[in-house]
Amino acid sequence: MNSTPVLEMRNIAKAFGKFYALKGVDLTVYPGEIHALMGENGAGKSTLMKVLAGAYTATSGEILIDGKPFHIRTPKDALSAGITLIYQEMQLAPNLSVAENIFLGSELSHGGLVQRKEMLVQAQKVIDRLGAQFNASDKVMTLTIAEQQQVEIARALHRNSRILVMDEPTAALSSRETHRLFELIMRLRDEGMAIIYISHRMAEVYELSDRVSVLRDGQYVGSLTRDNLNAGELVRMMVGRPLSDLFNKERDIPLGKARLNVHHLTDGGKVQPSSLLVRSGEIVGLAGLVGAGRSELAQLIFGVRKATGGMIEVDGEPVVIHSPREAIDLGIGFLTENRKEQGLFLEMAAAENITMATLERDARWGMLNRKKAQTISDDAIKLLNIRVPHAQVRAGGLSGGNQQKLLISRWVAIGPRILLLDEPARGVDVGAKSEIYRIMNEMARKGVAILMISSELPEIVGMSDRVYVMREGSIAGELNGKNITQENIMTLATGVNDAHSQAVTS
């Protein structure tokens, strides 16, 4: 690593009126380094990067490029310093070609005429350098999100950027697209580019970063090198408490009677005859590999999928569930794994999203009870600590963590007996995870039976009283007490060593 930093941000402060979003933050980045920037929502990560990119002007502090003071007051200043920030929302013109986007603001011209052919040739060279599969003449609107991201990177290379800032770049990418992006980022790092990578996804940070810096409440907490990366320490730095406090599943209440009892439930395809039981006040984990049938089993219970066999009991009574409406009437709530496509109404207000499942129940003679709806939404926002300026704010404008809590609040509002939670803390920062786990524990203390589907093994181990593991559409086994370990879960999930699988369930 080069001994001279390409970037130093010293004692950076940024005030909005009397509120300080940044309070004396330091950040040092070297050439040929992937430097991850972590912190909860509101920690100041994006604000710091906007100062670096010239979108905001620092209230105080100093920025050095190659060891020399450099004043950045505008985006043009940042570009002249070799800094490019790729925002979560792509800054591209969809109706223009890839080449036109790469050269936007710096078009080649001669005698007052734009040299489109030369722009296409130069743009294609940059695209080929990235290994991209599209052409410089393609319209941006025809590209995938991952390809549009490559256009942004190509534009940075065309501008000879030396510092590339990426803000949550994998948020809308598939696993394959994410893998390709990582390969590209590491190649740019090896070519000497400094990359600042903003993310709350620890797996990505572990895979990519050479160093990690953490912000909390607008202040610099510290940095860790790749050799010293530790999940527990990162969590402590981000939220101010150890990883063991994140789950806090000590609920100190006796488990009640069986609240949800599923007998040999099947759809004749993805889900083979499967049985499970969840008691009042219990959080039961449902683990397994992707494609094992976990989400499909929850959808059968909630009436989203049609069952071809089996039986469901709620509080000891056999029930027939043909639709989500029937499930809701029985006091069953279902948090879908895809909040944006299958859960939230992004263009509607937060309050409307919260009361979506209670409107029919609380209506008077077919008329909306607005006072009751407002009380429900206000109470839910307070209970779940949803950070919104007011209940009528558009759901699509909220952070991922607040969107997830908003969706959970919809099911809390029905006064549930049973909650089916599919990936309840996926895609949210550590602080939001902690609050979601707190809500789950509170609901369990009130006697709600919770079935939690999760692909995060620490979450399954940390939150579950018992764990069922699915494999190839069937329940492969059940784990209790000290047998709930990541190793035992993976043994059951993969089918490796079936003799051991039987041993850990006995």
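Each Cβ is built from the backbone N, Cα and C atoms, and glycine gets one as well.
The ATP binding site feature in Swiss-Prot is assigned to Gly39, Glu40, Asn41, Gly42, Ala43, Gly44, Lys45, Ser46; the stated evidence is sequence analysis. Marked as domain 'ABC transporter 1' by Swiss-Prot: 7-242. What Swiss-Prot records for 250-497 is domain 'ABC transporter 2'.
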Residues flanking the ATP site, with Cβ no more than 8 Å from the Cβ centroid of Gly39, Glu40, Asn41, Gly42, Ala43, Gly44, Lys45, Ser46 and excluding those residues themselves: Thr47, Leu215, Asp429
Binding-site residues compared (Gly39, Glu40, Asn41, Ala43) - the one with the fewest other Cβ atoms within 10 Å: Asn41
Neighbour tally for Gly42 (ATP binding site), based on other Cβ positions within 10 Å of its Cβ: 18
Coarse DSSP state, helix versus strand versus coil, of Ser46 (ATP binding site): helix
Cβ neighbour count within 10 Å of Gly44 (ATP binding site): 24
Cβ neighbour count (within 10 Å, all chains shown) around Ser46 (ATP binding site): 22
Spatial neighbours, same chain, of Lys45 (ATP binding site) - Cβ under 8 Å, 6+ residues apart: Leu37, Met38, Gly39, Asp167, Ile198, Leu215
